[in-house]
Amino acid sequence: MSGPSWRERLLGGFKKTSDRLVGNLAGLGAGRLDDATLDEIEEALIASDLGPATAARIRARLADEQVERGMEELGIRLVVAEEIEKVLAKVAKPLITDKARPQVMLVIGVNGSGKTTTIAKLAAILKDQGLKVMVAAGDTFRAAAIGQLRTWAERIGVPIVAGAEGGDAAGLAHEALKRAEAEGIDLLIVDTAGRLQNKRELMDELAKIRRVLGRIDPEAPHDVLLVLDATTGQNALNQIAVFKEVAGVTGMVMTKLDGTARGGVLVAAAEQYGLPIHAIGVGEKVDDLRGFDPNEVARIIAGVAAFNRG
Ligand SMILES: Nc1nc2c(ncn2[C@@H]2O[C@H](COP(=O)(O)OP(=O)(O)OP(=O)(O)O)[C@@H](O)[C@H]2O)c(=O)[nH]1
């Protein structure tokens with residue numbers, strides 16, 4: 001084995017986030033934690049994209065603990081880590097892949113969020129675990145999206161169902177599920193178009209795909225996975241609201257947590273929506289997508305990964 005470990009990648013991936021949070025908190029704990037200082041801490045946490053609710057809770061906890069003089073910066077960060085962990089622990093849920101045969105997973109998200117790459121990563125990981133995986137190029141809106149998924153499918157060695165650009169996505173999903181059933185596939189992952197600028201069209205298209213799949217298997221799709229690009233910050237949070245409304249999201253994957261200072265948005269998304277977060281992406285390689293340990297990620301974000309608990 002060569003290359004950095006997952007932990008090293010995780011540390012690298014959240015470095016900017018962590019640096020930003022630590023930078024925002026720098027020097028704030030040197031004096032007494034009076035109201036003005038607590039306000040500053042709360043603002044620093046919000047500036048780090050953690051979301052207002054988490055920031056307010058951390059403020060309240062610091063105030064509650066009757067922290068008198070000289071609360072060290074490190075002490076504050078340990079509290080921050082604990083609170084982040086609590087938020088993440090509620091949503092960090094592995095993807096369950098034994099719901100049905102074939103299990104149908106609809107993958108949604110705006111163009112560029114990392115949808116295709118995430119489908120490829122998931123397909124590769126689950127194939128490695130011994131599942132028979134098939135992908136369907138349901139983003140018929142763009143020829144490039146179809147081509148990109150095809151390239152990935154060939155590289156990973158999983159079957160793909162794809163049609164022509166501009167084809168009917170629901171028809172394609174139907175054909176894919178029929179084939180998946182006939183070929184004894186365990187998991188069918190269906191890509192979709194993510195045209196958020198036209199909410200009505202997107203809603204109609206996703207509803208049609210669901211309807212068509214449901215005709216073959218009333219339980220399908222078993223999962224509706226939303227892929228979010230962490231670098232878009234607040235915009236990613238808005239996307240959750242829209243996709244929840246149009247598609248009944250069952251879980252999320254957050255990508256591009258590497259090289260962005262916006263990793264706090266993972267916490268804000270968890271806090272605000274409480275939807276399961278199945279995996280996070282910290283790079284472009286297959287191995288860069290995984291489920292996560294809330295304690296580990298919280299400590300990395302808060303910049304206390306090197307310190308023991310307690
Ligand atoms: N750094 C980094 N890049 C990522 C990650 N996930 C995806 N990408 C990159 O983001 C870009 C967009 O990813 P795609 O998978 O093509 O996104 P998409 O949502 O399918 O976009 P369309 O194909 O345009 O619909 C690609 O260059 C990916 O390699 C990640 O976790 N980290």
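Quick reminder: no glycine exception, Cβ is built from N, Cα and C everywhere.
Just so you know, TrEMBL annotations are computer predictions that nobody has curated.
Bear in mind that the values here come from a model prediction, so they are computed numbers and not experimental data.
Here is what TrEMBL records for this protein:
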DOMAIN    10-88  domain 'Signal recognition particle SRP54 helical bundle'
DOMAIN    101-296  domain 'AAA+ ATPase'
DOMAIN    102-303  domain 'SRP54-type proteins GTP-binding'
BINDING   109-116, 191-195, 255-258  GTP binding site
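This view paints the features noted in TrEMBL onto the structure.
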{"residue": "G109", "record": "GTP binding site", "Cβ neighbours (10 Å)": "27"}
{"residue": "G112", "record": "GTP binding site", "Cβ neighbours (10 Å)": "14"}
{"residue": "K115", "record": "GTP binding site", "Cβ neighbours (10 Å)": "28"}
{"residue": "T192", "record": "GTP binding site", "Cβ neighbours (10 Å)": "25"}
{"residue": "R195", "record": "GTP binding site", "Cβ neighbours (10 Å)": "15"}
{"residue": "L257", "record": "GTP binding site", "Cβ neighbours (10 Å)": "27"}
Exercise for review: Identify which of the following binding-site residues, namely G112, K115, T192, R195, place a Cβ less than 6 Å away from any atom of ligand 1, and list them by sequence position.
Suggested key: G112, K115
Exercise for review: Go ahead and report the DSSP secondary structure tallies for the domain 'Signal recognition particle SRP54 helical bundle' (10-88): helix first, then strand, then coil.
Suggested key: 57 helix, 0 strand, 22 coil
